Every structure is written in structure tokens, then in C-alpha cells.
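Data first, discussion second: the structure below is written as C-alpha cells.
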Amino acid sequence: MSLANLRTHYTADVRPDKVENGQKVTLAGWVHEVRDLGGICFVVLRDREGKAQVTLVKKKIDKDLFDAARRLVRESVISVTGSVKFEEKAPNGYELLPDEINVLNVSGSPLPMDTTGKVEAELDTRLDSRFIDLRRAETTAVFKIRHESLRAIREYFVKYNFIETATPKVVATATEGGTALFPITYFDREAFLNQSPQLFKQILMSGGFDRVFEIGPIFRAEEHDTRRHLNEATSIDVEVSFADHFDVMELLENLVAYVYTRVIENCKSSLEVLGVDLKVPKTPFLKLTYDEVIEIINSRCEEKMHWGDDLGTLGEHTVGDHVYETTGESHYFIIDWPTEIKPFYAMPYEDRPEFSKSFDMMHRTMELSSGAQRIHIPSLLKNRIESQGLNPDGFEFYLKAFEFGMPPHAGWGMGCERFVMTMLGTENIRDTVLFPRDRRRLSP
């Protein structure tokens, strides 16, 4: 058989509106299950889109074909040509009566893990054998939804006249200061894997690009070992000229609603596989000031939060529960953070410089995004760099862009994995990335 003839349809494409009863089709995929009942044999073929039942009745079919089907090894790769018989009780509403079964590759045995869902596997086992785990319907569904989310994000930004960019991931200096960087050797110099495209996004504002977005990897050398942290992640970043923090908050909340809408419209079967009943968040999202957040936490928790503290995990859950109980919504903003606990490029308020024009977009369970109006005045920016104990000389390439006409601008960054995780209610962020990198895992 020619490779071009190994498949005519995906399993989900065999439907009464596309295929006639009795029509010949060829499906290709993996042997999900074989059920030999003596006089009848069922082979469940699985591909990316679902499953199809191949039915062989001993008295009605060639003996060699029947015996070959009975001997099929689970997870072997096969191509099956046969006639479609629509049957409500069969998987996907039809069965395939085969004329030919081609075994393209025989699977080894025993399998590293079960793909049918009958035997649960721990996350580490699944990640160690990711090539098998990716064949599970639940795993595939997560990545179909992630794909649709990123497609919708690009669609949204193109609709609003954004330019997609790609900035360096190998840099000479820290983006936001601190030590959470992975050092690498760059010929005869020390360099780092970039922790954020922040500085480059701002340079693009000086370059007149006006509205940019980027979807790309970021690297954080933080020794977290939690269900919601990764050391390599995908960041969705935005920067907008002639805008303040309220403008980009509106952009962000509308993006979230847009993506949820697209996922609901285009990922019905994947959501069904995961048992997720997705609802579009209502906009505008509630905005709480940093001071209001302190009041909420201190009224509900024994462990008090003080002005100048960052928000810990307990605080995030406490405020998230409060918002959900009072509004029925999971997304909200925290605004007006203390200047000193935000990055040096966050713009302070002119009349109360101890507060910054910054925000975090929160989910009921965790932070999803952080953003701000940026400082565009060179002297103020340099002072803020120095006030955080950083050397302006290390940011020369960045500061130059502010000396020759930098417009007011604002932006944000959002982690793709956390966004998908909270959308689907996934327990561990590692389930939302194909090959996760954390402090313990560097392979596969």
C-alpha cells in the first residue's frame, strides 16, 4: 500500500453529513483495545480525533483477516480499510467492517503505562513516558485547547492592529534585576537565558511599533517545587504606546473573555473529554486596590498582611474566595501596588509616589498576569534603577531608547500555562506543557 493511501479520514470525520452508509474509508492510528469474544472480534482504533470500532464477525469475514485482528498488539500502528456502518451504540456512532488491516509497526510489550484509563498513573510516570501519555484522550484534549487558546490570542491581537514580535532569549543582563537567571557561556562571555521580553518590548515603543505582542519562552532559575511553577514557560506579552495601565487592563480582560468564547465554540469535544463546563468570564473584572486587599486578608486570616508585603499563596486564595463569594467570578485585578515591590519600570503616581500604576490580574487560585504603565521619562527611570540597587551601566542599551523620544506606554505579561491551567481546573501546571522543565526534570 502506498503511504498516500494509509488514511482517507480521521475517525471524527466519519459522519452522516460527510460519509455515506456503506462507503469505503481508510482509518489510521493505534490499537487502543482488542476484545475477542470468540465468534466476533472488536478492534478499537484510536487517532488524534477519537476512536472507531472495527468489527469482525468470524462467519462473515476471511479467516486470515479475523485471526490477524485477534493477534493485534495494543498500541501497534495500523491502517484499516473497510465499509462504514452507522450504529448508534458504537463509539462515534459507527463501526467499520474491514476488508484490509495493515500493521505498520508493532508495539513493544508490556507498555510503560496504560492508555485506556483503566489503570491510573502518577504524574511522574506519565511524564517519564510522555510519548505514551500524549496518546491519552485527556492529555490530547488539554493540548488541543492550549492550541486553540494561542490561536485565538493571535487572532485577537491581529484584529486590534498589533504586530507580532520575537525578541532575544539570550541576553547580557537581567531584565528585572535579581538572581533568578540561568547563566550560559556565549563564546567568551557570560550571558543569560532571558526571564522576560520586557526591556525589548519597551525599546519597540521607542521604535514606533505602537502595539506589539509576543508569544515565546521565558526562563526563571527559581527553586520552586510547586504545582504551579515552571522554570521554562511560555509568556504572552503585550506593550502599547500612548496608553496607561487602565487601557491595557481593559485589553487583557477582553482578551480573556475572547479566548474563553473561542474555546467554548471550537473545543466542544475536548472540553467534554475533560468534563469541563466552561463559562465566559464577565467583563469588566472587579478591581481591588492593594489597600483593600490588605483589609480583606486581615479580616479573614489570623496571619496578617502588612503594607509593603507581597501577596502570598494564602492571601491569593483568601482574596480569590472573597471575590468569588461576592461576585460569582474568578478573575479580578489588584491595582495600585506599592512602588517599591514592583519592577523599576513601573510608573509611580505623581501625587502619591509610594504607589505605582501597576496591576496583577488574578484568578481565584493564583496570579495570572502582571502589568503597569511604564516609566517613559529617562531621569526618573534611571533613579528607579538605582533605588533598587541596580547599576544603570548594565542597562545602557535600554536607557538609550528613552533619550530620543519615548512615548508614554503600558503593557503586561501573562503565563500561557497558568492561563490554561486555571481555565481547565488542572491540578498541576506540568499537565499544560508538553515537556515540562522544573528544578528536577530536564528530560524528556
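Glycine residues also receive a Cβ, built from the backbone N, Cα and C atoms like all the rest.
Features as listed in Swiss-Prot:
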SITE      Pro91  site 'Important for tRNA non-discrimination'
BINDING   Glu176, Arg220, Ser370, Arg374  L-aspartate binding site
REGION    198-201  region 'Aspartate'
BINDING   Arg220, Ala221, Glu222, Arg228, His229, Leu230, Glu367, Gly415, Cys416, Glu417, Arg418  ATP binding site
BINDING   Glu367, Ser370  Mg(2+) 2 binding site
BINDING   Glu367  Mg(2+) 3 binding site
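Features as recorded by Swiss-Prot, highlighted on the structure.
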| residue | record | contacts (Cβ under 8 Å, 6+ apart) |
| --- | --- | --- |
| Pro91 | site 'Important for tRNA non-discrimination' | Val44, Gly50, Lys51, Ala52, Gln53 |
| Arg220 | L-aspartate binding site | Ala180, Gln195, Leu230, Asn231, Ala233 |
| Glu222 | ATP binding site | Ala180, His229, Asn231 |
| Glu367 | ATP binding site | Leu311, Glu316, Asp360, Met361, Arg418 |
| Ser370 | L-aspartate binding site | Ser358, Phe359, Asp360, Met361, Trp412, Gly413 |
| Arg374 | L-aspartate binding site | Gln202, Glu239, Tyr345, Ala346, Met347, His409, Ala410, Gly411 |
| Cys416 | ATP binding site | Arg146, Ser149, Leu150, Ile215, Ala233, Thr234, Ser235, Ile236, Thr432 |
TODO: Would you mind ranking the binding-site residues His229, Arg418 by how many other Cβ atoms sit within 10 Å of each Cβ and giving me the lowest?
DONE: His229
- [ ] Please give the average pLDDT for the region 'Aspartate' (198-201) in this predicted model.
- [x] 97
Open item on the list: Same chain only, please: residues at least 6 beyond the ends of the region 'Aspartate' (198-201) with a C-beta under 8 Å from a C-beta of the stretch. Say none if there are none.
Closed with: 165, 167-168, 175-176, 212, 214, 237-239, 343, 345, 395, 398, 411, 413
TODO: Please state whether DSSP places Arg220 (L-aspartate binding site) in a helix, a strand or coil.
DONE: coil
Task: the region 'Aspartate' (198-201): DSSP-derived helix, strand, coil residue counts - done: 4 helix, 0 strand, 0 coil
